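Undergrad: Got a structure for you, written out below as structure tokens; questions coming shortly.
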Amino acid sequence: MTDTPVNTRHPKGLWVLFGTEMWERFNFYGMRAILTLFLVNSLMMKEEDASLIYGGFLGLCYLTPMLGGFVADRFFGNRNCILLGGLMMAAGQFLLFFSASVFGTNISLATTLMWSALGIIIFGNGFFKPNISSMVGSLYPKQEKSKLDTAFTIFYMGINLGAFLGQLICPIIGDVKDNAGIRDIHAFKWGFLAASVAMLIGTAVFYVLKNKYVVTPEGKPLGGLPSKNDASDFEEGESQKAVFSQKALIIAGIVFLSLGAIIHFVFDQNLIYTLIYSSGLTLAGLIVSDTSLTKVERDRIFVIYIVAFFIIFFWAAFEQAGSSLTFIADNQTDRNFFGWQMPPSMVQIFNGLFVVAFAVPFSMLWDYLRSKDREPISPMKQSIGLALIALSYFIIAYNVKDLGNSGLLAIKWLILLYLIQTCAELCLSPIGLSLVGKLSPKRFSSLLYGVFFLSNASGYALAGTLGSIMPATGDKFIKAKELGIDLQAVLDKTVTPTSEQLQLLSKNQISDHNPIFAGFEIHNLFEFFMVFVVLTGLAAVILFALTPVLKKLMHGVR
Ligand code: GLN
């Protein structure tokens, strides 16, 4: 070994995975940017319902990776699952293109197509996402695992470069308004078509280059059929897979159903949200009930659970990007960006842009602090992430406070929000992934990643619920005025609308009452944003207070 120079270069396969993931995220985030606007403007849904669909869709996209990971491990292998997932997502986007082409003449067909498309994309994402991420890990032989942190930083940049491009192209061609600000509701289809083409390119890139580059240093193909893989990557003497007893599985089944019943009937969550929350909790319980766990292993798993719980609030706040924040960008924002009217769905592009700009400086910052022995432990970084997201909403809350029903928010505040949220993301998201890797006993590693992804899924579901409590924005007041209705008075209950007026409001997707959250009425955008400040701020403080305990439970892992 001594005469072999240390190889600091990354395998070429990383760049193939980078390119494939970049096109896939183009397809995913490009479509995400315009989805809710399409649901509201073309399929005539209420913003509230669009937010719930959006949250459920994203949540399910993080539930199906469990299935995709399982199918790859047992049957098809990573490569086939990536190809299958890519083709499914391209097909799903094409169905959305079809839906956005026919809604003008047949809205019920368009709605059916939209549901089928989202279903296919959810499963496609489930096959694609876990497998491409785990292939990044398997590119590096055991002695080169130290390069993994940098590899994942590069990969995270690929993700966000794709997100940036998707959020640039799909809004430009899909979210089109004329000079008078009137939207072309038939343009969304081009955005979905671009997403479909991007996914086809990504799949083709992977198909063509995989055999040459996605290989071991000896040139053997990676991620093939599981029957052809060997277990050389595992430590000797350690079992690779967790095996649960039949009794444990039956109890887990009963717990899953009972929790489901409570979440659905007592907490009044829809079936999709119930499925997400209940699977996460059950899987978490199943893992810790395993009797083979040592005390140290169990302690570390509890740390994963505690962190996973707190980051639910992070994603719930962060994922307002494609729903409430897009609606606000659309309806109550001055989007003049250096003399150009930016499409509302494009405003979220600043997240991807800032990640690409800051991912490397952030990892350099952690390296620097580590060299000085002052690097915060992972849960501390995550509490900083939560505090930053609370700050981002606090700034916005104060800027919408005096807007009233007709004032416009300056776009710079949304850009600042995305800047702060990106710093928060970089403190929390990549760190979370590597923390799970470091704390998990090997035999439970993929299941614990499953729990972690399910906490992301729960965050998205909560994002849907929180997005749906956005109160009426300026456009609703203007529209109501055109209909001869004083919406403010209706919301304040100082006038009682006639049944005709109620019908008119509902036909125009305007609610006649303020939303309620946890027993509180949300009267305006200030109160709406303060919900996020309180939730994420409290989460930050509690996680911060818990860090000394967590540090102990981590037993030396940072
Ligand atoms: N933005 C990242 C991605 O799309 C992370 C999202 C997440 O982990 N929830 O992969």
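Yeah, the Cβs are placed from backbone N, Cα and C, and that goes for glycine too.
TrEMBL feature annotations, pasted as is:
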type: TRANSMEM; residues: 26-45; note: transmembrane segment
type: TRANSMEM; residues: 51-70; note: transmembrane segment
type: TRANSMEM; residues: 82-103; note: transmembrane segment
type: TRANSMEM; residues: 109-128; note: transmembrane segment
type: TRANSMEM; residues: 148-169; note: transmembrane segment
type: TRANSMEM; residues: 248-266; note: transmembrane segment
type: TRANSMEM; residues: 301-318; note: transmembrane segment
type: TRANSMEM; residues: 349-369; note: transmembrane segment
type: TRANSMEM; residues: 381-398; note: transmembrane segment
type: TRANSMEM; residues: 410-435; note: transmembrane segment
type: TRANSMEM; residues: 447-469; note: transmembrane segment
type: TRANSMEM; residues: 528-550; note: transmembrane segment
Undergrad: In the same chain, which residue numbers or ranges, 6 or more beyond the ends of the transmembrane segment (109-128), come under 8 angstroms Cβ to Cβ?
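TA: Distant Cβ neighbours of the transmembrane segment (109-128) are 24, 28, 31, 39, 42-43, 53, 57, 60-61, 63-68, 71-72, 81-82, 84-93, 95-96, 98-100, 102-103.
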Undergrad: May I ask for the residues of the chain that lie six or more residues beyond the transmembrane segment (349-369) and have a Cβ under 8 Å from a Cβ within it?
TA: 29, 33, 149-150, 153, 156-157, 159-164, 167-168, 171, 321, 375-376, 414-415, 418-419, 421-423, 425-427, 430
Undergrad: Is it the case that the transmembrane segment (26-45) and the transmembrane segment (248-266) touch, counting contact as three or more CB pairs under 8 Å in which the residues of each pair are 6 or more positions apart?
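TA: Touching, no - the transmembrane segment (26-45) and the transmembrane segment (248-266) miss the threshold of 3 or more Cβ pairs under 8 Å.
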Undergrad: Looking at the stretches 82-103, 410-435, 447-469, 528-550, which one shares the most CB pairs under 8 Å with the transmembrane segment (148-169)?
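TA: The listed stretch sharing the most Cβ pairs with the transmembrane segment (148-169) is 410-435.
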